[in-house]
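According to TrEMBL:
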- B:20-40: transmembrane segment (TRANSMEM)
- B:61-84: transmembrane segment (TRANSMEM)
- B:90-108: transmembrane segment (TRANSMEM)
- B:135-166: transmembrane segment (TRANSMEM)
- B:202-220: transmembrane segment (TRANSMEM)
- B:258-280: transmembrane segment (TRANSMEM)
- B:292-317: transmembrane segment (TRANSMEM)
- B:350-380: transmembrane segment (TRANSMEM)
- B:401-420: transmembrane segment (TRANSMEM)
- B:426-448: transmembrane segment (TRANSMEM)
- B:460-480: transmembrane segment (TRANSMEM)
- B:500-518: transmembrane segment (TRANSMEM)
Amino acid sequence: MTTEAAPPPGGADTRPASPGAEQFAAVQQSPEFGELRKAHRSFAFPLTVAFIAWYLLYVLLSNYAGGFMGAKVFGNINVALVLGLGQFATTFLIAWLYSRHAARALDPKAQALKSRLEAGE
Amino acid sequence: MTTPLAVGTLAVGASEHRPLIISLFGAFVVATLFITVWAGRQTRGAADFYAGGRQFTGFQNGLAISGDYMSAASFLGIAGAIALFGYDGFLYSIGFLVAWLVALLLVAEPLRNSGRYTMGDVLAYRMRQRPVRTAAGVSTIVVSIFYLLAQMAGAGVLVSLLLGITSDGGKVGIVALVGVLMIVYVTIGGMKGTTWVQMVKAVLLIAGALLLTLLVMWKFNFNVSELLGKAAENSGKGTSFLEPGLKYGKTAETKLDFVSLGLALVLGTAGLPHILIRFYTVPTAKAARKSVNWAIGIIGAFYLMTIALGFGAAALLDRADIIASNPAGNTAAPLLAQELGGGPDSTGGAILLAVISAVAFATILAVVAGLTLASSSSFAHDLYVNVIRRGKASETEEVRAARWATVVIGAVAIGLGALARDMNVAGLVALAFAVAASANLPTILYSLFWKRFTTTGALWSIYGGLISAVGLVLFSPVVSGKPTSMFKNVDFYWFPLENPGLISIPLAFLLGWLGTVLSKEPADPQKYAELEVRSLTGAGAH
């Protein structure tokens with residue numbers, strides 16, 4: 001945080017000594033951090049574009065493809081309902097995929113860098 | 001959350017049920033006040049007041065997020081919208097859920113890692129503090145007040161409807177009562193008290209919805225197709241009741257309005273200040289991720305149940321009765337409870353109606369408390385401490401400012417809620433989402449992920465998004481020119497859509513980029529290094 005927002009003395013927050021600006025700059029330039037950044041962005045960015053596109057496609061189909069959406073799949077269940085439930089399913093799936101990716105590929109890298117910074121190297 | 005909560009004409013429930021409803025309301029109020037006082041005793045410093053001591057678990061916070069997110073309009077509004085408009089009502093449920101992925105993938109963890117108490121902490125991190133904090137504070141308060149106004153107006157209409165109070169004085173009294181309770185929750189209990197109230201409310205809401213869902217499905221032999229068939233038949237609309245378009249498919253403009261609403265919903269959630277500050281109540285980014293996962297599970301399960309509630313109401317109730325009770329369908333869920341309990345004249349019906357009404361009341365109170373906490377935190381931390389006092393206030397002074405801000409914001413909300421009690425609040429909540437998506441989300445994303453982003457870019461994006469979103473609504477049919485407008489007798493609208501998101505969200509992204517490109521002072525690379533490393537690793541997190 002900046003000097004203007006410096007924590008008041010005696011705050012209830014217990015925090016380790018904050019690393020200095022040079023350390024942050026050094027870590028940001030390090031190959032390990034580059035890997036962490038890439039592991040996050042290469043997973044989160046395309047997936048975000050994908051689920052927003054899929055959601056907007058669904059909104060547009062609802063608006064402009066009434067006939068297709070109204071087609072019966074079985075009983076009184078139509079395509080619109082199946083696709084709507086599909087949005088639920090993909091949301092749950094993406095949340096699970098991201099969490100698995102984060103636990104495997106992000107957390108260990110982040111923890112290693114955090115320990116290094118807080119040890120004051 | 002964004003479905004109409006218009007004024008009803010007929011009180012639900014005969015007067016002999018009122019003592020039961022009032023005692024259940026009373027029981028919830030007494031229980032939550034106990035929690036508040038208990039939490040208040042443990043609230044000492046700023047981290048306690050703003051962030052509940054950062055000691056909640058991922059599951060607890062996930063439950064509290066669900067409690068904060070599922071407002072009365074989610075429960076009553078979506079059920080009502082499905083009961084009246086069939087499939088189009090269900091589209092709300094989908095948008096509200098998918099939106100959580102933006103929070104999960106891009107916002108929750110970096111925010112937790114790099115901020116302390118407010119959204120402004122992250123927005124102003126790399127920037128010149130005073131102008132950006134001011135912008136973040138103004139935007140937080142505007143979004144929260146719109147959201148609050150809608151909840152207060154809804155509370156007044158709904159509770160007075162359920163209790164059979166129809167006089168203007170009575171409605172103002174109910175709004176004032178909700179406002180005073182919320183001031184007590186927040187000033188005494190702080191974030192800790194508010195979080196526990198959200199958790200209790202979430203459990204009650206899920207239990208209530210589950211009970212109704214099971215009773216509905218039992219009537220239809222747990223066969224969804226049978227339920228939908230009966231709903232379509234009973235609605236008088238036939239199979240079109242199960243297809244998109246009954247509400248939004250009328251003209252090219254309403255279709256465009258739906259795209260605009262859809263965009264605001266999916267991008268609004270991750271910019272709602274009262275949701276964002278919940279991520280500070282857990283100790284680590286990993287716990288923040290877990291809490292979003294729990295929230296997605298709980299909220300998703302709840303929105304799936306809206307199918308049974310909404311289509312169940314359409315299948316089992318007379319459409320004319322739903323509309324007579326409330327033209328926007330907001331009393332469909334309580335009416336459904338009454339029907340499932342055995343009908344209007346049975347004891348079972350009275351009990352179930354009372355229980356579901358009390359759940360709705362709990363829902364309103366909890367959401368209102370969360371919103372008030374978000375805006376008073378931002379006032380005290382962003383505007384008072386960092387702008388007015390230039391960071392030189394003591395922690396005691398800061399918390400005192402937050403408590404006073406709560407009282408003022410509560411009073412403003414009571415005043416506006418009393419004034420707005422006869423308004424259709426749909427436009428107000430949709431506006432809150434659109435303003436959050438326009439004013440907050442672009443700057444959050446640029447700050448976290450774009451190295452070159454500057455103070456000028458942030459200010460252009462926040463104010464540009466804020467002014468364009470609020471301005472377009474001012475000149476939309478929400479405010480004037482139509483029978484459903486706030487001001488029916490004047491006509492100064494020229495913007496055809498009710499929701500401004502389609503214009504204001506891309507505009508705010510564009511302005512953030514343009515302001516940065518045209519900026520005279522370049523971005524501070526050291527500050528970005530610090531923010532980027534902290535947001536991804538959690539080093540030096542509070």
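Just so you know, glycine gets a Cβ as well, placed from its N, Cα and C.
Take the transmembrane segment (B:90-108) and the stretches B:61-84, B:258-280, B:292-317, B:426-448, B:460-480: counting Cβ pairs under 8 Å, B:258-280 has the most. Simply put, out of B:292-317, B:401-420, B:426-448, B:426-448 has the most Cβ pairs sitting under 8 Å from the transmembrane segment (B:258-280).
Pairs of Cβ atoms less than 8 Å apart link the transmembrane segment (B:20-40) most often to B:350-380, out of B:61-84, B:292-317, B:350-380, B:401-420, B:426-448. Remote same-chain residues near the transmembrane segment (B:292-317) are listed as 58-59, 61-63, 65-66, 69-70, 74, 78-84, 86, 89-90, 93-94, 96-97, 100-101, 103-104, 108, 202, 205-206, 209-210, 212-213, 216-217, 219-220, 224, 227-228, 230-231, 234-235, 241, 332-333, 335-336, 339-340 (criterion: CB distance under 8 Å, separation of at least six residues from the stretch ends). Sequence-remote contacts of a segment are chain residues at least 6 beyond its ends whose Cβ falls under 8 Å from one of its Cβ atoms, and for the transmembrane segment (B:202-220) they are 28, 63-64, 66-67, 70, 75, 226-227, 230, 298, 301-302, 305-306, 308-309, 312, 315-316, 333, 336-337, 340, 355-356, 358-359, 362-363. Tertiary proximity for the transmembrane segment (B:350-380) is limited to same-chain residues at least six positions away from its ends with a CB under 8 Å from its CB atoms, namely 12-14, 16-17, 20-21, 24-25, 27-29, 32, 50, 67-68, 70-72, 75-76, 117-120, 136-137, 140-141, 144-145, 147-148, 151-152, 154-155, 158-159, 162, 178-179, 181-183, 185-186, 190-191, 194, 197-198, 200-201, 204-205, 207-208, 212, 273-274, 276-278, 333-335, 337-338, 340-341, 398-399, 401-403, 405-406, 409-410, 413.
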